[in-house]
Amino acid sequence: MAKVNTQCSQPSPRQLSVKDAADRDLDQVENGLGRSHSPCEETSSTVHQGIVMETGELAGAAQSLFTSQGPARVSRFIISIRAWAARHLHHEDPTPDSFLDRFHGAELKEVSSQERNAQPNPGGQEPPEGGKGRKKDPIVVDPSSNIYYRWLTAIALPVFYNWCLLVCRACFDELQSEHLTLWLVLDYSADALYVVDMLVRARTGFLEQGLMVRDTKRLWKHYTKTLHFKLDILSLIPTDLAYLKLGMNYPELRFNRLLRFSRLFEFFDRTETRTNYPNVFRIGNLVLYTLIIIHWNACIYFAISKFIGFGTDSWVYPNTSKPEYGRLSRKYIYSLYWSTLTLTTIGETPPPVKDEEYLFVVIDFLVGVLIFATIVGNVGSMISNMNASRAEFQAKIDSIKQYMQFRKVTKDLETRVIRWFDYLWANRKTVDEKEVLKNLPDKLKAEIAINVHLDTLKKVRIFQDCEAGLLVELVLKLRPAVFSPGDYICKKGDIGREMYIIKEGKLAVVADDGVTQFVVLSDGSYFGEISILNIKGSKSGNRRTANIRSIGYSDLFCLSKDDLMETLTEYPDAKRALEEKGRQILMKDNLIDDDLVTARADARNIEEKVEYLESSLDGLQTRFARLLAEYSASQMKLKQRLSQLESQMTRRGHGFSPDRENSEDASKAD
């Protein structure tokens, strides 16, 4: 039993929240009995009881309590059980990752149809306790869920069973009669699964405007309108009731069960999208279809031979009265052999004699040609798809080899290049991520990049506590880089244009001689983040301060300075925060020159003033040009108005001129 401190101490908030109602009930019971306990004693007793039950000694504690005197002990025992249940039956949500929360918003919760149609309670009344009167959400199967796929696997088995064994039992009488009980059990078990499958289909949701429909009435209406519903109904017609009249040796009465073939095809389609080896699955699927066709053709050949008569000619199955041809295994294997030779057209079979035999062989030849063409075409395309990446990679190697031979590259360098390509192929690093993800929307690209690079990005100090949008942009701009043994990632004094994050491999910080190692960097380390920020006052500027060399093959992530600055233009606050973090890191390492900061600040002030004057001058020039344009427009309008006035005055002056008046006076005098 756990040891408990018996001194009066303050219990935890969780214990207090559980004990609030319990203490009140206990006080009422104890006050009614005239007994008193201090709060410390009550708390100690309750904690003691809880620990007793947590350690698995609930039975012993219960026995000791019920054998004691007084209802108060019984009430404390019940209250302790209530407290223990509240602690252990309460499921706490896992602590979320704050880093992930910045990429994902609040999770949208799909509202059920009952909640959408629910009306608020009048007067704000609470619903009855225990959830009475509240409808439960209907069970709806999501077609993209794992449960639905598992059910497809389960229903595909009886469909495949019917397609393989019904025709075989119908053609080979011994197979049906010798194992009748087994077939009855399997048949009606398959029928039961067919019935359950109809119920599952009636509760399988579908998408409408991007949302899953969960209304059972709409689901049933949608299902009944499909062709699958009609085929499912036909596949469940109890045609085997004719057994009662014809006997049990007619399994062909159950051929309507073959109409459920769509479930088998759906299972194959979903498996092809889920498997990591789709090409292998396609080849296996094609072989399975071919075997089923050969199997059916063999059974039909034996049935035709039985109809014509065994041994009546050279084409049909030999006489079954002979012991070697009377066995069931020989009958099926002989028929399967004949069917394989006929459909594949690779062997000689006895020629047909009767017309119906000729007709059947002609149909078999046509089907065989189609099967052969299908197999050759599909297998050829599958093999080419399987080797497409290898062929493309080999073409790159061949072009590199030809170039190195043309440029007369040294053998040592040529060997290093070939080994680098071999390493890429052996470790499956030849995939072009941009080419693979180019068809995805930006949101899914970001999600994939976050899942791939999240652990790596979380380790970089300057990128911690950045806003989510900036981190998404940076994650999308990370580029993989692979270095060979002995390659220099950076050298002392080089201008820093990238920062690197080690995903896999080991890098050594070496001296100028390239041999002496100061420190070894391993997975998760990063370097070069300060040089791409252009921290003002840095003694090293944006140049590298160390020589870093790859010990073996190293897989790194690279973030270029141009990509970072392009991203930070949209996030000025984040840019200032990153520069401040970088400055603090440099100050800790005593790599900040205050005089240089002041000088650069003065230079920056002068530059800002010059930029301000230039912008002001540009503004003045723009305003002057606008005013000049307005002045020119007003002058044009004024000239047009003056011209109009002159023309009007000219017309009026011409109408009342002095010459006209003198002529009128002369005419009057005459």
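From the backbone N, Cα and C atoms, a Cβ is placed for every residue, glycine too.
Under the heading compositional bias 'Polar residues', Swiss-Prot lists 1-15.
Sequence annotations record features per position, and here Swiss-Prot assigns topological domain 'Cytoplasmic' to 1-152 (among others) based on a curator's inference.
Sequence annotations record features per position, and here Swiss-Prot assigns region 'Disordered' to 1-25 (among others).
Taken from Swiss-Prot, the feature region 'Disordered' applies to 111-138 (among others).
Marked as compositional bias 'Basic and acidic residues' by Swiss-Prot: 129-138 (among others).
What Swiss-Prot lists as topological domain 'Extracellular' is 175-184 (among others). For the topological domain 'Extracellular' (175-184), the number of residues in each DSSP class (helix H, G, I; strand E, B; coil) is 9 helix, 0 strand, 1 coil.
The average pLDDT for the topological domain 'Cytoplasmic' (206-230) in the predicted structure is 90. Annotation source Swiss-Prot lists topological domain 'Cytoplasmic' at 206-230 (among others), citing a curator's inference.
Under the heading topological domain 'Extracellular', Swiss-Prot lists 250-254 (among others).
Residues or ranges marked as topological domain 'Cytoplasmic' in Swiss-Prot: 274-280 (among others).
Annotated region 'Ion conduction pathway' per Swiss-Prot: 278-386, in sequence order. Shown for the region 'Ion conduction pathway' (278-386): DSSP residue counts in helix, strand and coil, namely 84 helix, 0 strand, 25 coil.
Taken from Swiss-Prot, the feature topological domain 'Extracellular' applies to 305-327 (among others).
As annotated by Swiss-Prot, topological domain 'Cytoplasmic' applies to 388-670 (among others).
If you look up Swiss-Prot, you'll see 468-588 marked as region 'Cyclic nucleotide-binding domain'.
Marked as 3',5'-cyclic AMP binding site by Swiss-Prot on the basis of similarity to another entry: Arg544, Thr545. In the three-state DSSP assignment, the secondary structure recorded for Arg544 (3',5'-cyclic AMP binding site) is coil. In the structure as shown, the Cβ atom of Arg544 (3',5'-cyclic AMP binding site) sits within 10 Å of 19 other Cβ atoms.
Residues or ranges marked as coiled coil by Swiss-Prot on the basis of similarity to another entry: 606-659.
According to Swiss-Prot, the region 'Disordered' annotation covers 644-670 (among others).
Within its own chain, the topological domain 'Extracellular' (305-327) is flanked in space by residues 171, 334-335, 349-354, 356-357, which lie at least six positions past its ends and keep a Cβ under 8 Å from the stretch. With DSSP states grouped into helix (H, G, I), strand (E, B) and coil, the region 'Cyclic nucleotide-binding domain' (468-588) comes out at 35 helix, 40 strand, 46 coil. Sequence-distant contacts (6 or more apart, same chain, Cβ under 8 Å) of Thr545 (3',5'-cyclic AMP binding site) comprise Lys492. Same-chain neighbours of the topological domain 'Cytoplasmic' (274-280): 149, 382, 385-386, counting only residues six or more beyond its ends whose CB sits under 8 Å from a CB of the stretch. Tertiary neighbourhood of the topological domain 'Extracellular' (250-254): same-chain residues 162, 166-167, 169-170, 176, 183, 187, 239-240, 242-243, selected by CB-CB distance under 8 Å and a gap of 6+ residues from either end.
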